[in-house]
Amino acid sequence: MSNPCQKEACAIQDCLLSHQYDDAKCAKVIDQLYICCSKFYKDNGKDSRSPCCPLPSLLELKMKQRKLTPGDS
C-alpha cells in the first residue's frame, strides 16, 4: 500500500491553488482527507503511518473540531 489518502491530499493542494489558499473554500476536500485518514487508522491501527495523514491524536482533534465522525462521507 503506497501513500494511503494521497488522492485526497492532492485534492486539497489543487483546491487551495485554485482558491488562492483560502482554506474555507476547501473545507469539503479537507474533511474528505480526515475521513480517509480515520478509515486508514481504523483498518491498519494507530501505529500505522501515511505521509498524507496527520498523526492519530491530531486527526482525532481535527475531526472533533470539524464535527466529523469516521462514518461520514
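Quick reminder: no glycine exception, Cβ is built from N, Cα and C everywhere.
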Cys5, Cys10 - which one Swiss-Prot pairs with Cys36 by disulfide: Cys5
Disulphide bridge to Cys15 as given by Swiss-Prot, partner from Cys26, Cys37: Cys26
Secondary structure content, the motif 'Cx9C motif 2' (26-36) (per DSSP, counts of residues): 11 helix, 0 strand, 0 coil
Most Cβ neighbours inside 10 Å, all chains, among the disulfide-bonded residues Cys5, Cys15: Cys5
Tally of DSSP helical, extended and coil residues in the domain 'CHCH' (2-44): 35 helix, 0 strand, 8 coil
